Protein chains: 4
Amino acid sequence: MAGNSFGTIFKLTTFGESHGTAIGGIIDGCPAGIMLDLEKVQEELDKRRPGQSAIVTQRKETDTVEFLSGIFEGRSTGTPIGFIIKNSNQKSGDYSHIQDSYRPSHADYTYDEKYGVRDYRGGGRSSARETACRVVGGAIAKQVIPEIGFSTFTSSVGDIYIDDEKDLDLSLIESNPVRCPDPVSAEKMEALIREIRSQGDTIGGTVQCVIKNVPKGLGEPVFNKLHAELGKAMLSINAVKGFEFGSGFKGTQMKGSEHNDLFNPDGSTVTNLSGGIQGGISNGMDIYFKVAFKPVATIMQKQQTINSKGEEVEMQGKGRHDPCVVPRAVPIVEAMAALVLADFFLQNKTSKI
Amino acid sequence: MAGNSFGTIFKLTTFGESHGTAIGGIIDGCPAGIMLDLEKVQEELDKRRPGQSAIVTQRKETDTVEFLSGIFEGRSTGTPIGFIIKNSNQKSGDYSHIQDSYRPSHADYTYDEKYGVRDYRGGGRSSARETACRVVGGAIAKQVIPEIGFSTFTSSVGDIYIDDEKDLDLSLIESNPVRCPDPVSAEKMEALIREIRSQGDTIGGTVQCVIKNVPKGLGEPVFNKLHAELGKAMLSINAVKGFEFGSGFKGTQMKGSEHNDLFNPDGSTVTNLSGGIQGGISNGMDIYFKVAFKPVATIMQKQQTINSKGEEVEMQGKGRHDPCVVPRAVPIVEAMAALVLADFFLQNKTSKI
Amino acid sequence: MAGNSFGTIFKLTTFGESHGTAIGGIIDGCPAGIMLDLEKVQEELDKRRPGQSAIVTQRKETDTVEFLSGIFEGRSTGTPIGFIIKNSNQKSGDYSHIQDSYRPSHADYTYDEKYGVRDYRGGGRSSARETACRVVGGAIAKQVIPEIGFSTFTSSVGDIYIDDEKDLDLSLIESNPVRCPDPVSAEKMEALIREIRSQGDTIGGTVQCVIKNVPKGLGEPVFNKLHAELGKAMLSINAVKGFEFGSGFKGTQMKGSEHNDLFNPDGSTVTNLSGGIQGGISNGMDIYFKVAFKPVATIMQKQQTINSKGEEVEMQGKGRHDPCVVPRAVPIVEAMAALVLADFFLQNKTSKI
Amino acid sequence: MAGNSFGTIFKLTTFGESHGTAIGGIIDGCPAGIMLDLEKVQEELDKRRPGQSAIVTQRKETDTVEFLSGIFEGRSTGTPIGFIIKNSNQKSGDYSHIQDSYRPSHADYTYDEKYGVRDYRGGGRSSARETACRVVGGAIAKQVIPEIGFSTFTSSVGDIYIDDEKDLDLSLIESNPVRCPDPVSAEKMEALIREIRSQGDTIGGTVQCVIKNVPKGLGEPVFNKLHAELGKAMLSINAVKGFEFGSGFKGTQMKGSEHNDLFNPDGSTVTNLSGGIQGGISNGMDIYFKVAFKPVATIMQKQQTINSKGEEVEMQGKGRHDPCVVPRAVPIVEAMAALVLADFFLQNKTSKI
């Protein structure tokens, strides 16, 4: 039962392989009557685009989205919004070395086991290229809930972390190619990424998202809790290994008397270790969470691997890949968060009479 | 759009409040022809039951499941399996103190904001009592995939962790009330829980799950990746703040050259930092993940809070509550994992011709 | 992928076999804050109950619904409403004759082919007994949309039809056991049913439903058109062979110039051959449709049939069955219509900003 | 909650308006490993195409489908199949007369009421143009279940019916532009359509579908019965007013002793008034059903109507429209039937162990 749709009321379905004619998707359930700013959608896509800075992959892809339906005279009409992004980079020749071999810690082997057939060009469907469609969906989702504010940034690269206690100026996120709002950390992170790349290696990191001005009441217990859907959304992004919100893993070491968020008379809380969600429902405080990204599996070093006959072969990454996926993952994390929030915003319209 | 169903093909829908007549559920999509061992279901429930040991809540609940349909002459018939668990403990009197006040870091406030009405008795629907139905569903799910082995245990309480490098004898999990397979750690954890309880306080912890003998090919990219559904499943459990699988958050500090799992000729991998999942699809290696539980919010200390009029009031936990939820959370984590695996096992039957 | 749920936002999931301990269901997605009149629910059930009049089956079943959750101090709380109806009539002995034989035009054979196992007692899950749960769901659904009025009645039995042109006094529906608002036709229908029963035979008929005061805008094209879901709902009822709305099959003989419903200045239409639905969306005019019921398959005559070994055997209906299902089908048709309308009413809350 | 997806495991989602850039869709859940004959898909589309014969609309649309993903080296890969059909006929000028007026018995009024905004060009999303995407989906669906045979044909136009008792040579369906396998009736139907067109009027009709070689066990009671989904599928097609299968509405006049299908020793039945489905599950006999189409609403005669201000205006159909939709509806009915069967075929893989 294929899993290429996300959401229930605001629902994104995507298609497309790395080296097919085009990738694209359908957004079904966008409410009618919204003046859509399509340039903003392209701007979000540009944040995910290869070649945007010196520390990301230098592949040439313009990633221009074309909308095919669902918008009339600038407004959403309530009918499905179809869109495509043409693939400019469709040469198959470069991928002959992986046609019959399994790249370590990639999805080549598991796709072959599951489906018995695999579009090996550039990873096919398992390529992170599909996340461009998520960014389109998320950019439309944001316009359904314009009052909600999203700030997403790189919170660590390798062992370089922003200090959790530090007050951050979130307006600085786009001031550096790492997308880190702390300039001192950003500089260190960028230096680390450059060093790692010079080794032909890759490095992991974490992305943090802060969501402000969230209406109270979003989330659908007991299974579709707000943070459970956020977690699923994040874990569905390529290379993600973990998710935590509010106090997260650190909270496991705390006592209840330290961890409980006491109320102010207006219903806000003095602390916010809950991360803006109680019982799976937003309480109006900031939602914040962290997403763990492993190092990119494609490295520019020789690795031992096997081919589809089980024979050992040697392999080395070709082409232009990211030494660290985190800076380009920032807009993807934000897009998925927006998809979740817009969907719950619409779902909540039916929760009471 | 209420969220009381989990799963797609193997689907559990639950109902019930802490202090209603009964809780219960419907399992739809259990394949026909399975000889169901209903005593095993009750055994799983008994692991979640209050009063099972000295370090958990001493509330009296027998939690006896009654099956009402879908089973004939011992076998599943392919029709929905309805079940109820009667609530033995329905006195409302004890909860008058929370009728009009919001317990800190509970769901009282958010339920009121979302629904405008709330069954305040014992937390109503937001009580962890509903997880008993998950345990029933999970115990049936396990019998759909009997070849898959689940081992779930307490991996930390507060700041006491099992050493990650240590070889664990998973047969020891049930040998102590903490459900920790490392006897030395178990003893320390139990002592910590007793101390915390004596303070009228609570403490968090983590649960780890190891899944062995998983068929290759489970998981439905790109959104319904195996680990994404596992993450959602875990995050939907009360008090969970985080989820990581394979290398998890630690993996973010690694280089690609260290993190990649090289293949053996048989398709298995030398290391397993991937945690048994690549590209969202199981690769046949062990799946393992960790779940972070915050400290229980109900403490036996006085706390400042507000009532529904926004007035400040003082509150103190009453009744018999868990000082640490982790030992009783172990069977819930395992049940949710089984629900996810059984569902993907069935889904995968349609992935190729 | 089992199909025991109906609806998307207002969703009913049912369980239970004819001769199990109980049947029941879960209503998920009922908005919070509705004062529910549970006596009305029981009244609807009583209309479906065996033994209610001389022309229906004389089986003894009280069909008392017990609500287990989701209602607090008389109000829906937004959490799932669980309910059960205990089976009073669980003796298995009477059904030994069908344990190993397939009743003609029943589901015995197909259940065995599909599931490989079958609860043969009273038809098990395929018994129309499950429709009692639909009536409960529908009776709650009506209370979500109290402004919408449903009138459902017997429009034909065998070859006795109400004249389509006749003005009907819908307040007379419950004035006779056939549930036909035309007293002259009702008398003939009742006489025909008595005659058919005296032959040990059964007869078919049609049920008509008229829905008044429907808000404009209900229905979700292009696949989930209002009449498409109504049709699915009706066709899912036992013994149904056809569905038509508005001009129906007769409309196929008309010209466009005759069939088009011209507008009045207020947006209503002069005629209503559209049956209150245009493009799959309600237009505010009355919705009306007809449902075709075949004759009940269980007859009190000897029939040739086969057993599970393919051997020919003779069979004769036992027990107390309906000579005509239509009078008892009336509340089921109405319940399914209410489920569809309540669901679309809630869905429509998200169609525009 | 928008309704532009059909199916559960084999799922088609469509987008597109009559006069947008393109229409298209995504087929998710097509099993991997099927050699797809894409020319056959285009052939099915050509049967729906305008201008194919003298008795259908003479609009110029080539309706060429382009596949964008999910197929590699001729085979389905298990990933979503995206496709588009460009609109060649995008001039908006022709539709200025309906920009502000509501065509009688069209969806203009209800779309405005539901969404508050409407792409008025050519009916926008409510145009039957969207059914081209259904034909693409159905043509792929057929290749998932190649052993199942579909024969679909015109069974009546206006008051000209094929005699139900007549033995039909289904190989003759495509031998005439009406798609009627009875040559004598076909000639009369064609003459009637020509006459109706000369009056500037339109006429309704019925389409019949016969499905042979259906595996036993398809259908998912109690709500997703095989015929219930078929009914929904058919009723979701533009202009459909009714659906009946097996004995249909005529069956309501029969006695049980006449209607019951007695078994042959091999499990087949002597008669087939059940229409190949018992208890919502296929029994291996031919499935057959009829679909009622109303006359096309656009007529070439002057009609009184209203504009969006409620003022009375006069309107006359422009452009090139079908005098009878039935011949072009035949491939759409067949496509929807194939979508239903393929989906249940896949669903049934999980019904037993």
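Including glycine, each Cβ sits where the backbone N, Cα and C put it.
The following features are taken from TrEMBL:
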- A:Arg48: NADP(+) binding site (BINDING)
- A:Arg125, A:Ser126, A:Ser127, A:Asn238, A:Ala239, A:Gly279, A:Lys294, A:Pro295, A:Val296, A:Ala297, A:Thr298, A:Arg320: FMN binding site (BINDING)
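Sequence features, as recorded in TrEMBL, placed on the structure.
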residue: A:Arg48; record: NADP(+) binding site; DSSP (3 states): helix
residue: A:Arg125; record: FMN binding site; DSSP (3 states): helix
residue: A:Ala239; record: FMN binding site; DSSP (3 states): coil
residue: A:Lys294; record: FMN binding site; DSSP (3 states): coil
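For A:Val296 (FMN binding site) paired with A:Arg48 (NADP(+) binding site), the C-alpha to C-alpha distance reads 16 Å. It is A:Ser127, among the binding-site residues A:Ser127, A:Thr298, whose Cβ has the fewest other Cβ atoms within 10 Å in the structure shown.
Considering other CB atoms within 10 Å as the measure, the emptiest surroundings among the binding-site residues A:Ala239, A:Val296 are those of A:Ala239. Separation of the C-alpha atoms of A:Arg48 (NADP(+) binding site) and A:Ser127 (FMN binding site): 14 Å, rounded to the nearest whole number. The binding-site residues in question are A:Arg48, A:Arg125, A:Lys294, and the one with the fewest Cβ neighbours inside 10 Å is A:Arg48. Note: A:Arg125, taken in sequence order from the binding-site residues A:Arg125, A:Ser127, A:Val296, A:Thr298, have a C-beta within a distance under 8 Å of a chain D C-beta. Using a cut-off of under 8 A between C-beta atoms, the binding-site residues A:Arg125, A:Ser127, A:Lys294, A:Val296 that neighbour chain B are A:Arg125, A:Lys294, A:Val296. With A:Arg125, A:Ser126, A:Ser127, A:Asn238, A:Ala239, A:Gly279, A:Lys294, A:Pro295, A:Val296, A:Ala297, A:Thr298, A:Arg320 listed as the residues that bind FMN, the site has a largest C-alpha separation of 44 Å.
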